[in-house]
Structure formats: C-alpha cells, structure tokens
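Novice: Below: one structure in structure tokens.
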Amino acid sequence: MGPRAVVIGPPGAGKTTIGRLLAQRLDIAFRDTDDDIVQTAGRPIADIFANDGEPAFRAMEEDAVAVALREHDGVLALGGGSVLSERTRERLAGHPVVFLSVGLAEGARRAGLSTARPLLAGVNPRATFKALLDARLPIYRSVAAVEIVTDHVAITEVVEQVVAALSARSTASS
Ligand SMILES: Nc1ncnc2c1ncn2[C@@H]1O[C@H](COP(=O)(O)OP(=O)(O)O)[C@@H](O)[C@H]1O
Ligand SMILES: O=C(O)C1=C[C@@H](OP(=O)(O)O)[C@@H](O)[C@H](O)C1
Ligand SMILES: [Mg+2]
C-alpha cells in the first residue's frame, strides 16, 4: 500500500512540521526518516556527518527511506537530501510525493531557526543554501506529484493546501 504522502523539499521547507500536522489532520501515523536514522545509529545526525562523513550518512539514509517506504502507510517525511540518491528517486516512483518549496531568504531563516543541520553549519550558510536550492530544485520537481509553495503561508494553511492537493490527485486518478 505505501505511505499516504511522502514529503520532500529543502531544509526549512517544513517537511517535519507539516508532515506531523498533516498526519494528525488525516488521523494517520507520522514517520520521519531523519528520526529513523538517529534511532538506528544511536547518534544525532550532526555526529554522523562529523564522524563518518556525508557519504556514510547518505548510505544510511538510502536504507532508511527504502525501509520506511515498505513499512509505513501514514505520512512520511524525508530528509532534504534524500532525493540525491538515484535509487531513492526510483523507489519514489508511483508514490504520492509532496514537494514543499521555499525560497532562499525564508528557507535559510527557517533552517537556521531549528535543530542543527550540519550541511548549513559552514561560514556562509546563505550561499550554501543557495547552491543547495539551485542543485536540488529540478530533482525535487522530477519526483514530485504535487508542489506546494510555503513562503509566507501559515503552517495550518500549508497543511490544508496539501490535503486539498492530495485529494484532487486521488479524485483525478480514480
Ligand atoms: N509555513 C511555515 N511558516 C513559518 N515557519 C515554518 C513554516 N513551515 C515550517 N516552519 C518552521 O521552520 C522550521 C523548520 O521546519 P522543519 O519542519 O524542521 O523543516 P524541514 O523538516 O523541512 O527541514 C521550524 O521552526 C518550523 O516551525
Ligand atoms: O538537506 C540535507 O541534505 C539534510 C537535511 C536534513 O533534514 P531536513 O531537511 O529535515 O532538515 C538532514 O537529513 C541532514 O541534515 C541533511
Ligand atoms: Mg525535517
């Protein structure tokens, strides 16, 4: 059966926040592959990046996404870089993938507000974020079934837009 929604997008787009609220709204379970990785590794993500390096993290992430896509039938939020894996992109085919987009200024602000994100911890997080957006935007779009712009949109409103987009999509395909 698979997840009812798989939420992708750059750091700060709101995948974790919106995904959790969307699951509540639909009365189904929520899962975030970043949490799965932390649980399996027994260490925070920043620690995995610092001690094992990004490629090791990406390998763990690829496995975590594959397992979650098999096991989870609620809302699944992925880490922002998970779609860099071609295998993951192949595995996402046919799933209801929701791309939450966010622009540079708002995304950098939001990502800086919350938990440690090792990729953005360098000297110029804004430039890093811009490079990340430029490289990944076409990738997010290539795997997404729907795209929701989140800049200057309240969290509750984003959730409602996702609900509407998913139900329009399921009506269209039935
Ligand atoms: N639409 C929104 N408007 C304002 N702040 C938001 C919005 N969506 C998310 N946020 C905030 O941005 C930060 C990052 O959200 P998070 O869900 O961790 O993003 P992601 O999982 O995509 O990296 C959090 O502080 C969250 O409350
Ligand atoms: O974009 C990325 O490469 C990453 C995003 C993070 O998740 P969020 O997108 O939920 O912040 C986390 O997986 C890791 O720090 C790497
Ligand atoms: Mg997240």
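In case you wondered, yes, glycine gets a Cβ from its N, Cα and C as well.
Since this is a predicted model, take the numbers as computed values, not measurements.
Take a look at what TrEMBL says about it:
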{"type": "BINDING", "residues": "GLY12, ALA13, GLY14, LYS15, THR16, THR17, ARG117", "note": "ATP binding site"}
{"type": "BINDING", "residues": "THR16", "note": "Mg(2+) binding site"}
{"type": "BINDING", "residues": "ASP34, ARG58, GLY80, ARG136", "note": "substrate binding site"}
Novice: Of the binding-site residues ASP34, ARG58, GLY80, ARG136, which one has its Cα closest to the Cα of ALA13 (ATP binding site)?
Specialist: GLY80
Novice: List every residue in the same chain as ARG136 (substrate binding site), at least 6 positions away in sequence, whose Cβ is under 8 Å from its Cβ.
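Specialist: Once residues fewer than 6 apart are set aside, ARG136 (substrate binding site) is near PRO10, GLY80, GLY81, VAL83, LEU84.
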Novice: What count of other C-beta atoms do you get within 10 angstroms of the C-beta of ASP34 (substrate binding site), across all chains shown?
Specialist: 20
Novice: What is the Cβ neighbour count of GLY14 (ATP binding site) at a 10 Å cut-off, with all protein chains included?
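Specialist: The answer is 24 other Cβ atoms.
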Novice: Including all protein chains displayed, how many Cβ atoms other than that of ARG58 (substrate binding site) lie within 10 Å of its Cβ?
Specialist: 16
Novice: Roughly how many Å separate the Cα of GLY12 (ATP binding site) from that of ASP34 (substrate binding site), to the nearest whole number?
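Specialist: Given the Cα positions, GLY12 (ATP binding site) is 14 Å from ASP34 (substrate binding site).
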Novice: Among all chains shown, work out which of the binding-site residues LYS15, ARG117 has the most CB atoms within 10 A of its CB.
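Specialist: Sorting the candidates by Cβ neighbours within 10 Å, the top entry is LYS15.
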Novice: Near ligand 2, which of the binding-site residues LYS15, THR17, ASP34, GLY80, ARG117 are found, taking a Cβ distance under 6 A to any of its atoms?
Specialist: LYS15, ASP34, GLY80, ARG117
Novice: Of GLY14, LYS15, THR16, THR17, ARG117, which binding-site residues are close to ASP34 (substrate binding site), meaning a Cα within 10 Å of its Cα?
Specialist: THR16
Novice: If I take the alpha carbons of ARG117 (ATP binding site) and ARG58 (substrate binding site), what is the distance between them in whole Å?
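Specialist: One finds 14 Å between the Cα atoms of these residues.
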Novice: Taking the binding-site residues ALA13, THR16, THR17, ARG58, ARG117, which residues show a Cβ-atom distance to ligand 3 below 6 Å?
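Specialist: Going through ALA13, THR16, THR17, ARG58, ARG117 in sequence order, those close to ligand 3 turn out to be THR16.
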Novice: Around THR16 (ATP binding site), how many other C-beta atoms are within 10 angstroms of its C-beta?
Specialist: 19
Novice: Might you list, by sequence position, any residue in that chain lying six or more from THR17 (ATP binding site) with a Cβ less than 8 Å away from its Cβ?
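Specialist: For THR17 (ATP binding site), the qualifying residues are ILE155.
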Novice: Starting from the Cβ of ALA13 (ATP binding site), draw a 10 Å sphere and report how many other Cβ atoms land inside it.
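Specialist: That number is 27.
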